[in-house]
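What follows is a set of notes on a single structure, which appears directly below.
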């Protein structure tokens with residue numbers, strides 16, 4: 001009875017911890033998105049400099065990642081040669097900097113709710129680029145599902161009250177660059193046996209992001225900031241914003257490590273709906289019935305995609321276990337045959 005009780009307590013504790021990690025990730029992801037919107041939106045804090053904000057984030061995150069890895073030894077570094085860094089990490093860093101720059105820029109032009117709806121296109125972009133780079137096999141049913149997601153997002157865009165073409169172009173560009181980055185991580189790093197968690201990823205990627213962002217910053221934002229004498233750097237606003245951005249990466253590290261990537265995908269769906277509700281009720285963004293119908297259609301497509309990925313993963317794991325069982329049975333059979341041959345040899349002698 002005591003043993004069963006302790007097992008139940010252990011399972012309950014594990015479930016509660018999982019929900020805690022999910023809640024922390026949702027809260028931080030929610031906070032970073034709303035905080036970035038607050039800083040960049042001209043009607044709020046009115047600091048429309050997305051490259052500068054991204055560079056502040058990258059500087060802060062790179063510094064803390066260095067401390068966690070090199071000083072406090074909280075995370076083990078990954079062994080990486082100079083050639084591998086320049087051939088693999090640098091291209092990924094370039095795509096990441098572009099993705100962050102464009103996605104932060106979109107907050108100036110679009111509502112938080114509509115941006116979340118456009119982000120539903122991420123599976124479409126990842127799958128399409130995966131097929132293009134031959135990392136994914138073309139499947140008619142998967143492509144039909146991708147088209148249903150795209151149709152849902154198109155309907156949501158049609159019903160958007162504050163539709164801005166430039167903002168949509170920026171967000172779609174961010175989705176395209178982020179999807180390409182995710183596929184290149186598989187090609188350039190995972191295929192070589194190198195796995196970067198969010199902390200080691202920041203340690204290696206954030207510095208080259210800073211370099212790539214510095215070039216457009218010099219020509220696009222620096223001249224404007226130089227002429228703006230009214231601006232004074234607010235350490236509380238930008239410090240807490242950067243801390244939230246880093247804490248989000250740490251939360252991803254804990255969530256994926258303690259649960260799974262699929263749990264994070266499901267939590268992401270919950271977060272998107274919460275953001276849409278918050279955008280409508282608190283920020284007072286207009287969310288139309290056509291918006292919700294379109295996003296609902298896209299949501300169903302994304303849910304089906306995640307379900308199909310889970311089933312494929314389970315089938316792969318079952319096949320792997322069956323193969324291991326067959327190999328173990330074959331090994332035991334060989335050992336028994338060997339023992340039998342040895343006994344026959346002894347009896348003959």
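Even glycines carry a Cβ here, placed using N, Cα and C.
Because TrEMBL annotations are produced automatically, they should be read as predictions rather than curated entries.
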Which listed span TrEMBL calls transmembrane segment, if the choices are 145-162, 289-306 = 289-306
Is it true that the transmembrane segment (165-189) and the transmembrane segment (16-35) have 3 or more Cβ pairs under 8 Å, skipping pairs fewer than 6 apart in sequence?
-> no
The predicted model's mean pLDDT over the domain 'Sugar phosphate transporter' (20-306) is 89
